[in-house]
Amino acid sequence: MFIYDTKSKQKVPFEPLVQNKANIYVCGPTVYDDAHLGHARSAIAFDLLRRTLELSGYEVVLVRNFTDIDDKIINKAFKENKSIQELSSIYIESYTRDLNALNVKKPSLEPKASEYLDAMVRMIETLLEKNFAYQVSNGDIYLDTSKDKDYGSLSMHNSSVEFSRIGLVQEKRLEQDFVLWKSYKGDNDVGFDSPLGKGRPGWHIECSSMVFETLALANAPYQIDIHAGGADLLFPHHENEACQTRCAFGVELAKYWMHNGFVNINNEKMSKSLGNSFFIKDALKNYDGEILRNYLLGVHYRSVLNFNEEDLLVSKKRLDKIYRLKQRVLGTLGGINPNFKKEILECMQDDLNVSKALSVLESMLSSTNEKLDQNPKNKALKGEILANLKFIEELLGIGVKDPSAYFQLGVSESEKQEIENKIEERKRAKEQKDFLKADSIREELLNHKIALMDTPQGTIWEKLF
């Protein structure tokens, strides 16, 4: 298994701290609003990593957190007259619903920052004791980055260029020094009683503490195999996580760092600050979650994905092929490449080379359909074909529905009954040799984007996009 390590900037063999086991920490959302397609892409990218590792024989523990203590949450909670717990729980539920719709496997653990305050305080106390942190007059505590000679080694931000000394009035020693603890400022603030005084943790210390508390190993209590997240988290978040871990415990936080690329809208980076966010829940109003998943995984995870609906509909054709084969196999049988599982898994073991994997998938779909055309009654390889289709489900998380359910997405039960009534009416017209009426019914349904197909088993239908 090979993965691209952001820190070394090269593709390297994956060699976990414990043989045949992999522990992964993925930075989750700050829960003050609904999740957008950028969140979806990150979740799907590392869901693919998890699935690939599991099918390669690794025992995987994947942790994805919720940041439920943050300035944005506090500000919105006060504006809406809610507690931060009330507000964050709304968006945790929303995020969970969205990812379920995208068939993202549930993480092994989903810690909330608010559940690990004691661990955060202990880590800050360690940094103060070792003289890597300092407190300013308003009670805030900062990490002294000048004492970490490796600061910037992950993101390649050069402190001498990117930052400068600032006025003594502001009390921070360097502009890049980051807050570990924010003291309670009174009205419209949130604080927790602690040995550090009343206050709350900074964003970066939250994640590091949750990493150690949820993924600690006996032989490496302060290091994990893979730390992952979106490219926007590389600096300052991941850089600062790595820094405070080196300072507190003298080790690198993660053996490997992985980052997924941005999602662009109209060739511009999607972000809430730019006002061009495309929420998952809104996308799900127009497209089934499996169609969105199939589209978002279709571009290599490290590349930028420029979202547009034309490409989404083109990528849907791949899903159509999977379901057409599944539909055929459930009724008729044929042969398939016996090396398919090995070939597609090897593609994914090469830094999640999904483009190559999808090429192998396309080849399998085409060749299998050809063999079904040649041997429509051959039952010998039914189990193998269905096993390979199941493997696609497990590896890529697509093709999981019953074919009829997939091809009838977006049609209500009452509409389905109307269509079935029309099909029955058309059947009677054909029996009475009234082919003009039968064709008229077909055209009427087609005008409503319902296509009919006559098969040996009877007439089936599907919704066109």
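From the backbone N, Cα and C atoms, a Cβ is placed for every residue, glycine too.
As recorded in Swiss-Prot, the features of this protein are as follows:
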type	residues	note
BINDING	Cys27, Cys207, His237, Glu241	Zn(2+) binding site
BINDING	Lys272	ATP binding site
MOTIF	29-39	motif ''HIGH' region'
MOTIF	269-273	motif ''KMSKS' region'
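Here the features listed in Swiss-Prot are placed on the structure.
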residue	record	contacts (Cβ under 8 Å, 6+ apart)
Cys27	Zn(2+) binding site	Arg64, Asn65, Cys207, His227, Ala228, Gly229, Gly230, Leu233, His237, His238
Glu241	Zn(2+) binding site	His204, Cys207, Ser208, Val211, His227, Leu253
Lys272	ATP binding site	Asp33, His36
For this session: Using the structure shown, find which entry in Cys207, His237 (the binding-site residues) has the sparsest Cβ neighbourhood within 10 Å.
Result: His237
For this session: Could you pull out which residues elsewhere in the chain have a CB under 8 Å from any CB of the motif ''HIGH' region' (29-39), counting only those six or more residues past its ends?
Result: 66-68, 70, 72-73, 76, 87-88, 91-92, 94-95, 98-99, 203, 230, 232, 262-263, 270-272, 277-281, 283, 296, 307
For this session: For the recorded Zn(2+) site, enumerate neighbouring residues of the same chain (Cβ within 8 Å of the Cβ centroid of Cys27, Cys207, His237, Glu241, site residues themselves excluded), in sequence order.
Result: Trp203, His204, Glu206, Ser208, His227, Gly229, Leu233, His238, Asn240
Exercise. For the motif ''HIGH' region' (29-39), what are the DSSP-based totals of helix, strand and coil residues?
Worked result: 3 helix, 2 strand, 6 coil
